[in-house]
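Colleague: TrEMBL lists these features:
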type     : residues               : note
BINDING  : Gln278, Glu328, Asn378 : S-adenosyl-L-methionine binding site
DOMAIN   : 299-363                : domain 'Methyltransferase'
ACT_SITE : Cys406                 : active site, nucleophile
Amino acid sequence: MAVLKRRVPMHSLRYFLSMVGLFSKPGLLPSYARNPPGWSKLFLGTVCKGDFTHVIATKYQKGQKSQKKPSHLGPLDDSWQERLADVVTPLWRLSYEEQLKPVINGYRNKSTFSVNRGPDGNPKTVGYYLGTWRGGNIVCVQSNHLKNIPEKHSQVAQYYEIFLRQSPMEPCLVFHEGGYWRELIVRTNSQGHTMAIITLHPQKLSQEELRGQKEIVKEFFIKGPGAACDLTSLYFQESTMTRCSHQQSPFELLFGEPYIFEELLSLKIRISPDAFFQINTAGAEMLYRTVGELAGVNSDTILLDICCGTGVIGLSLAQHTSQVLGIELVEQAVEDARWTAAYNGITNSEFHTGRAEKILPGLLKSKEDGQSIVAVVNPARAGLHYKVVQAIRNCRAIRRLVFVSCKLHGETTRNVIELCCPPNPAKKLLGEPFLLQQAVPVDLFPHTPHCELVLLFSR
């Protein structure tokens, strides 16, 4: 499976970043950034000497053109399916030669399906949402036609819908209005193994009643019609919130294997139901290879992997470094990382569970012994906590930073500005500023306007 990572010359990084919105919001940049005596030199550094790409610019332009907000009051062309495709995969009408070669279909290894009223009004419809909660016009549309969702995921969703429509228990559409059955998560690997996670709001069900529902859904997928899905494992989670971690409400294995495994960068990787793993496996391999190339680690380097998930980036580079230090909030993901390290014979890694803003400052203090540190950060869409940015900025041993971003707007933009701005005692940004040296987009999300962007900073 091919994955796009194309570089073409570009005369101005400012133009490149403006196309993804980094300079597009008035008032976002501080005054010294908008009217800089030395900001351009400080921020851009030697960046314009590198190779850049129009990939993200092109994808964003095309995505924005196709994302006109419909009223969601009824089908525009008698096809709810086309409308859902326009929202979830807005570039689906284009051949991927037009999008930016090549075509990649069914690439998602994880899909989350909602339960709500469909176009026909049936509240036990499993699919993706159109409309907004604020607008009160939510419609749930079956998603088996979407190009980015594998057939296996759609199959499990269809059988979950069959199960719901057979069940006398109502779905939970709005928490305070009652109902029980909620979303479905499906995870698959390249070997074809399938993990399904069913979420239920317990409301006031007794433990005995809950056990009964677990047995019913288990029988449906083992001996009933759902057996056609050939699940490797089925999990059940009671959840009274929109999202619950394993610590908040444990995932209960109803049958099958507790984990799925993936082969990536010569590693066997364990993946728990709660662990983050990039949704495009082939794309993730290209992404992590790019990170490795830019990181430039050697045997004298400590690699600091912040927001490390299952630890793949750090572990894939462990043989080239003196030590790998990983930080991750999700405990299950950290346990996966430790298992993966042990299974693959990696002995120079350690992983810490908790919030990066709490762990990182103390961890960096213990490592400031003159040894060079390369940091890799791969935060969620919300970006890095400001204390993490402070700790990185103020640690003199970190001379090189690789920042993987899935969303350059908002907090990530502020992260970049704070990494590169002149020293600012008021914000406790005391260390030497970083220079942005290179930017490489990697297309993990064909048929959509999104890309992962890998940024290399040094100082």
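In case you wondered, yes, glycine gets a Cβ from its N, Cα and C as well.
I would like each feature placed in context: is it buried or exposed, what are its neighbours, and how far apart are things?
Modeller: Of all Cβ atoms in the shown protein chains, 27 besides its own fall within 10 Å of the Cβ of Glu328 (S-adenosyl-L-methionine binding site).
Under a cutoff of 8 A between CB atoms, and with a sequence separation of 6+ in the same chain, the neighbours of Cys406 (active site, nucleophile) are Ala380, Arg381, His450, Glu452, Leu453.
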Colleague: What are the non-local neighbours of Asn378 (S-adenosyl-L-methionine binding site), defined as same-chain residues 6+ apart in sequence with CB under 8 A from its CB?
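Modeller: Listed in sequence order: Asp305, Ile306, Cys307, Cys308, Gly309, Ile313, Val404.
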Colleague: Roughly how wide, in whole Å, is the group Gln278, Glu328, Asn378 that binds S-adenosyl-L-methionine, by largest Cα to Cα distance?
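Modeller: Per the listed residues, the maximum Cα distance equals 15 Å.
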